[in-house]
Ligand code: PFF
């Protein structure tokens, strides 16, 4: 990268990373994956995956970025391992794939802001979701959301993004806490908490094979791992930063926002009697549940506009971080100005997102493929590189700025080498088994 900067302040890095991490993954995916993968049992596997796999893997990405101070692809050659560049390439591709359908969901959010203002979904929340989530409407909304993302990245108004992030994270937390307090008074609250928070041990064991790939994938998705984002962000970090403390703050905040989303969505879903584990519990969970809730409270329209407005900001700040990563790499290597690159990449993203916008079955398929194949592969390759190829050099880099990690550095290294690698190999095996071998998985026929 030509003009290497470092973050002006340490909170600047942490907040920007939280801005990338907190997104549709927390507010949309997490409740939706929980609903369709066994409720509280999924939450348990997910929390374990975040702590034992996601957090160490995030530190591995930080080490790569700060050690090299270059983009995610060149970081590998900078460390003298040219053929490992393919891993950085896989991360950029993974991010590209995810962003293609992320834009479609971003489009839904835009529609819901408009719909809230008019009270359009109040009479039939599930029907409204069906009508705006796929088809021409969704294609147009996807294009508008994407245009916003491309526009911001093309202009490079990073000041704007940074300032928005500072307001965004606290406002999401405040708003979600307020919503959670309100839904606690609903008749379905107890059943909602039960579904979300009380795991059934029998079901956990019986369904571990299907739950684990999604729980591990969710940990990666929500922490923005395997998409070249965290390598890029940490490449702007100075040597005196404590990466372990920063990573801890990011992981904890991000997890809390996801839990809050669950505390809001499930009581509403059970109050309105939705089919939690299928139907409206699926991709539409967040939209149908909250929309139904806003339809029943005073000032529901205002509440709806504010809520979906916050979801939009969270989605935008994540999408921008991802497009920025791809643009930065292309910009560094091909000497094409960003105001050409951003729209060009945007057109490619639009085309790749079309199937998802035309049918939610395709969106679910793209999403499953990201969770079960792209994300695990990408994080696995990074973990092998950092753990086994860099090895003790990686520990030395992690130690910088921590004031001494004690035995913690070794523990982290062996966690990356063994726990992260083993968990991902298991995830891949289970995921591939489910997609290709299990009868009726319908991998090639999402319909
Ligand atoms: N951690 C982000 C989220 O949970 O929404 C993941 C992400 C997805 C970031 C898509 C960026 C993006 F474009």
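Heads up, the Cβ atoms here are built off N, Cα and C, so glycines get one too.
Features as listed in TrEMBL:
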| type | residues | note |
| --- | --- | --- |
| TRANSMEM | 12-30 | transmembrane segment |
| TRANSMEM | 42-65 | transmembrane segment |
| TRANSMEM | 86-114 | transmembrane segment |
| TRANSMEM | 134-155 | transmembrane segment |
| TRANSMEM | 167-191 | transmembrane segment |
| TRANSMEM | 211-231 | transmembrane segment |
| TRANSMEM | 243-270 | transmembrane segment |
| TRANSMEM | 302-320 | transmembrane segment |
| TRANSMEM | 340-358 | transmembrane segment |
| TRANSMEM | 370-391 | transmembrane segment |
| TRANSMEM | 411-432 | transmembrane segment |
When counting Cβ pairs under 8 Å to the transmembrane segment (167-191), the leader among 12-30, 86-114, 340-358, 370-391, 411-432: 12-30
The transmembrane segment (411-432) touching the transmembrane segment (12-30) per 3+ Cβ pairs under 8 Å rule: no
Sequence-remote partners of the transmembrane segment (243-270) [C-beta within less than 8 Å, at least six residues beyond its ends]: 10, 13-14, 17-18, 21-22, 25-27, 30-31, 34-35, 43, 47, 50-51, 54-55, 58-59, 62-63, 66, 169, 172-173, 176-177, 179-180, 183-184, 186, 188-189, 191-193, 195-196, 222-223, 234, 237, 276, 280-281, 285-286, 288-290, 292-293, 398, 400-402, 405, 408
Dominant neighbour of the transmembrane segment (211-231) in 42-65, 134-155, 340-358, by Cβ pairs under 8 Å: 42-65
Stretch among 42-65, 134-155, 340-358, 411-432 sharing the most Cβ pairs under 8 Å with the transmembrane segment (86-114): 134-155
Within-chain partners of the transmembrane segment (134-155) [C-beta distance under 8 Å, separation at least 6 from its ends]: 103-104, 106-111, 161, 315-316, 319-320, 323-324, 327, 338-339, 342-343, 345-346, 349-350, 353-354, 357-360
For the transmembrane segment (411-432), distant same-chain residues with Cβ under 8 A (at least six beyond the ends): 49, 52-53, 56-57, 59-60, 209-210, 212-213, 216-217, 371-373, 376-377, 379-380, 383-384, 386-388, 391-392, 394-395, 398, 405
